[in-house]
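Contents: one structure, followed by commentary.
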Amino acid sequence: MNIQYIKNIENSTYSKQHNGLIQYGTSGFRTKADYLEHVLYRMGVLAVLRSKICNAAIGLMITASHNVESDNGVKLVDPNGEMLETSWETIANDLANANDTDIITVIQRIINELKIDMSVSATVITGRDTRKSSPSLLDAALAGIRALNGIVKDFGIVTTPQLHYLVVCTNTNGNYGEPTLKGYYTKFSSAFERMRKYRNSFNSDKYIAELQLDAANGVGALAMKEFQKYIGSALKVNIYNDGNGELNHMCGADYVKIQQKIPLNMQPEVNARCASIDGDADRIVYFYVDETKKFHILDGDRIATLVAGYIKELLQESSLQLNLGLVQTAYANAGSTNYISQKLKVPVACVSTGVKHLHSKATEFDIGVYFEANGHGTVVFKETAIQSISNAAENPMLKENEHTAAEKLIHIINIINQTIGDALSDMLLIETILYAKEWSIIEWEQSYIDLPNKQVKVKVKDRNIITTTNAERQCVTPIGLQDEIDKVVANYSKGRSFIRPSGTEDIVRVYAECENLSDVDKLAVEVSSLVYRFAGGIGPEPTL
């Protein structure tokens with residue numbers, strides 16, 4: 001590292017403000033915004049090093065997704081639009097937690113051990129969400145990038161999926177799409193509109209081209225308003241929590257999924273199709289309220305089965321022999337797993353929680369569908385699969401129904417943001433499928449029955465005391481905890497429960513599922529109490 005770079009870093013005003021340990025979790029660093037300036041500066045430096053070793057543009061996104069507004073965070077995006085390579089998470093931790101006096105030594109060690117050629121040009125694509133703390137944190141990141149003479153392409157306020165899109169488009173020289181926000185909106189909206197044209201007349205009274213959208217008072221509201229200009233009358237979207245209120249407060253996909261409640265400021269009509277996205281627009285869940293005022297949620301499990309089922313229909317109609325698979329986590333409801341594997345006959349794989357695990361497994365299929373129950377997911381297509389579909393769509397010798405099905409698959413590919421879960425792209429995909437099947441949200445829900453389930457959080461002194469195995473379905477430590485959970489679960493018909501530590505904060509997440517709705521709260525509390533006792537719970541012990 002040359003002397004000028006060293007001077008730039010030594011003269012930085014972004015000194016370490018606190019001694020608490022911060023960890024790069026499943027979605028980067030997240031904590032109170034006040035603790036993050038030095039972390040952002042150092043991640044700007046790291047993004048440059050990553051860009052140099054990859055010889056490609058790297059993304060840096062400032063967001064804390066569904067967290068409260070006082071939090072913020074940062075994550076790096078690799079050249080192909082995917083999450084930062086796992087081995088670099090440890091490097092990020094070392095750099096973020098180093099003392100100011102050790103920072104030059106740590107950076108030099110990274111350069112030497114990885115043999116990074118510092119003469120290679122580096123480009124970092126930056127974006128941020130709408131949090132009040134984001135502009136100052138961006139300044140810190142930019143200072144870090146420029147300290148090592150990195151080139152910055154700042155796109156300002158964007159959704160997290162938009163940044164992933166911009167990174168992959170930049171690194172593929174536009175093959176995936178134009179590396180601009182206009183290119184993003186045009187790519188997905190154009191394919192959406194083309195799918196609408198397959199019906200010359202539409203007489204169904206079940207699907208209504210109108211959606212009530214809770215935008216969590218986040219950046220997704222701005223993006224949806226822009227999308228509306230492109231899709232026009234094809235789909236009317238009424239936006240609630242559009243940025244005038246507190247981010248993620250009693251609204252957003254995480255709130256709706258966990259609390260099983262209608263978001264603040266929404267009073268939907270009976271059976272009206274509603275959706276909720278999270279603060280940075282990478283998750284989506286659907287919901288409605290019936291005549292009895294009962295709340296119904298259609299989460300990532302139902303999105304996955306809807307998408308996988310429709311793609312299988314098109315594959316069958318096109319006579320294409322491609323390997324379709326669905327990837328889930330332990331949070332997937334047993335009802336969805338049984339439906340997709342037994343009725344639709346689509347292979348199902350279970351992996352640990354976290355986008356990178358799902359995405360990696362999905363790429364093993366020709367077409368891989370993955371959605372976490374929280375509504376985060378997408379579909380990935382192998383290049384060979386895309387080529388096979390394209391060849392079929394262009395083959396005049398095919399039967400008309402085969403040719404049409406292949407054309408539809410091409411449009412579906414172009415509706416989907418394959419780089420990461422994208423709430424707005426997923427919304428267009430869901431609306432496309434419901435339109436094609438002439439389904440209301442009720443028909444969609446009736447495809448299978450969910451087992452009653454509950455998710456709760458237990459605050460603990462140190463989340464790292466909890467370790468798991470078998471795709472997070474079994475607890476390894478503390479020793480004896482899993483045995484006690486098994487004993488409790490055995491008392492409930494079709495019972496299932498597992499625990500996992502949060503990737504970003506000292507809480508343990510508890511999932512409980514059983515046949516009877518009246519029992520699910522009791523099961524959740526019993527397991528939560530075990531966690532509290534074995535793992536050093538904070539505050540009052542969970543009770544009914």
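Each position is counted from 1, following the chain as shown.
Glycine is no exception: its Cβ is also placed from the backbone N, Cα and C atoms.
For the Mg(2+) site, TrEMBL gives D278, D280, D282; the one candidate out of S65, S70, S493 that the record lists there too is S65. In terms of C-beta pairs under 8 Å, the stretch of 54-94, 103-171, 299-439, 457-527 lying closest in packing to the domain 'Phosphoacetylglucosamine mutase AMG1' (182-285) is 299-439.
Long-range Cβ contacts of D278 (Mg(2+) binding site) within its own chain (separation 6+, distance under 8 Å): S65, H66, A216, G218, G220, N248, G252, A253, D254, I284, G375, A423. In sequence order, R463, N464, I466, T468, I507, V508, R509 are the residues near P501 (substrate binding site), counting only same-chain partners six or more apart with C-beta under 8 A. With helix defined as DSSP H, G or I and strand as E or B, the domain 'Phosphoacetylglucosamine mutase AMG1' (299-439) counts 79 helix, 18 strand, 44 coil. DSSP classifies R509 (substrate binding site) as strand under the three-state reduction.
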